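Engineer: Handing you a structure now.
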Amino acid sequence: MRTVPGHPSRMGPWLRRLRLAPAHAGSQAATSSLPGLALRSSACSEKIDTGRRYASYALSRLCRPVPTQDSPAAFLRPGPPRFDRSPPQPHLARPYSSLKDGPEQRRAAELEKRIAAIPLERYRNFCIVAHIDHGKSTLSDRLLELTGTVAPSGDNKQILDKLDVERERGITVKAQTCTMIYRNPRDGLDYLLHLVDTPGHVDFRAEVTRSYASCGGALLLVDASQGVQAQTVANFYLAFAQGLALVPVVNKIDLPTADVQRALEQLESVFELDTSAAVRVSAKTGQGVADILPAVIDRVPPPMGDPNAPLRMLLVDSWYDTFKGVVLLVRVFDGSVRPGDRLVSLATGNEYTVGAVGIQHPDQIQQSVLRTGQVGYVYFNPGMKRIQDAKIGDTFTIAGYEDKVEPYPGFEEPKPMVFVAAFPTDQSDYGKLADSIGQLVLNDRSVTLQKDFSEALGAGWRLGFLGSLHCSVFQDRLRQEHGADIIITEPAVPTRIVWSTKPGDETIITNPAEFPEPEDPRMRKAVLYEPVVSATITLPGEYVGRVIDICETARGVQKGLEYFTSTQVILKYELPMASLVDDLFGKLKGATKGYATLDYEDAGWRESQLVKLNLLVNKKAVDAIARVVHVSQVERLGREWVSKFKEHVERQMFEVIIQAATGKRIVARETLKPFRKDVLAKLHASDITRRRKLLEKQKAGRKRLRAVGNVVIEQEAFQKFLSK
């Protein structure tokens, strides 16, 4: 390699092998014959890897290209003693503009452009309500395909159901939302539709109630083969009370057992709906689905609101995200919300800065603004840390307008109806299980949580749920999403005790182990109450006698009996909540060959004769197995307990006595015989007194062992006993 005269070379032997490279217009570059080494200026190819780029930058600081008179090429020579202190060009990372201009960003921009062109008069917010397993989620899939929100495919099943337990059981647990743009074929205009797929089981009624607040109408879905059922009746009255416009839809018309005319007659006779324009569809095959959205546009009114008024935003739902904090699902009634807006909560008074807004389509798509009438998500920056700060039914507005905005009435918080105790199968997993339960509770605000302890099962928690299915779904989610396994005690309901010491002195007990014993002096004049529900049972008329017997056995009080068709009956009962927990629904299904449906709502408290039933093992109570029951159920339940528990306890070297007791009264007993050594085996023709002496000695030893020995009950025994 040549150097410029007068300048001694500072290059090492490996640099001397650098040779001249051609110069390009607008850039100066030099390449090396050494493999993997290249000199470059700020204009470089993005295909060069990071190692080459750093080597290029280092060598460019050491050597400068120098042009000659006879050639536009450049020679490399040592640079002068001065150094170029200008900052390096940002060529090691892709420009930010190129990162933002991806296919998803272009799709979001096109979507927002279409939404901005739609006036408020062409907005429609509606939900789908029906009894469980009437086809709500399947119909939602077809509507998403019809509007082009998702591509049509045979794999589109339960698109809006995000939880594994929902797909496994085929039910909807949490209400899911989606924004769709529909081109109406009759006028060729775009309509912005907001769809909510609601749960169908009574345990999740709070989800349905919240969904109504973000909607102006509802599709009342009825199975053509089943007709009107209990949850259909309950959903209708909830929607009617909210003033929603109802569009009757008869689903599953393709089934061989479908009776469309009977379903329409039931809708007309029970709800007094005009069924002349009812939509007949098969969500599975897609037949008639195209007629639903035109009916929604015609019958569901557009949302009302003032786009120029101060922001009035209702919090409909919330969930916790590990990176964003609490994400809010909101309905904008007035005004608009954008990133950077300073919002204030009218319920808590806390102020937040909006970090991002967007819509569900069906996944989250970020937008620059949420306008009046829209339903979308909002999260803050810095994020909201505590899910308890997101109060469902809260109203948000721009900071400074708190006195000018009227808060929304809000929702009634769901009350736990069923309480269980949960313990890890291995106490060493307590910390891991505590984290898993905490994460699930963050996204399910209806679950109550407090710490508990059992002498038999160790440290654990007492959890409150809306119903038995809610408890079962929570346990499945814990196993599927976190790989955790727990021991769940038998479900219990709260008990109210009004003491006679002074007026107004009362206690509500959710843990049966804390229930006072009958010998407690305070219980002599105390009044006990148990929760009751108002149950609505729909069933074929031929099974009325069997269902009435089951309800009477469950200590129910009949409130009404009505034939709404020649074959269908609506039976109304006031039932103790404890009877529902004790698998009443399963008994109804068995007695009616699966045709009975059940819906219930809280009906307050009723005075009752209640006692605590304990399980004793060698006269010691097992606190994990205690239950508050009615006096009429004591003997039956006590016999079941002792016979079942005996099967799971291992034999000991001494006699084990298993008893069921209320206070000092023993209602049932089983005895587990001990292992017995044959002490007479070595005696053949000995005297009878010798035999008697050995037997008496063995008897005395067993008595002494029983006095000092403790029964060891394995965790597996409790797990098998408490399993259904």
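Just so you know, glycine gets a Cβ as well, placed from its N, Cα and C.
As listed in TrEMBL for this protein:
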BINDING   130-137, 197-201, 251-254  GTP binding site
DOMAIN    121-304  domain 'Tr-type G'
REGION    69-105  region 'Disordered'
Engineer: At a 10 A cut-off on CB-CB distances, which of the binding-site residues Lys136, His201 has the highest count?
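Structural biologist: Its Cβ has the most other Cβ atoms within 10 Å: Lys136.
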Engineer: Counting Cβ neighbours within 10 Å across all chains shown, tell me which of the binding-site residues Ala130, Ile253 comes out on top.
Structural biologist: Ala130
Engineer: Sorted by position, what residues of the same chain at least six away from Thr198 (GTP binding site) have a C-beta under 8 A from it?
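Structural biologist: Set apart from Thr198 (GTP binding site) by at least 6 residues yet with Cβ under 8 Å, we have Cys127, Ile128, Val129, Lys136, Thr172, Ala175, Glu207, Val208, Ser211.
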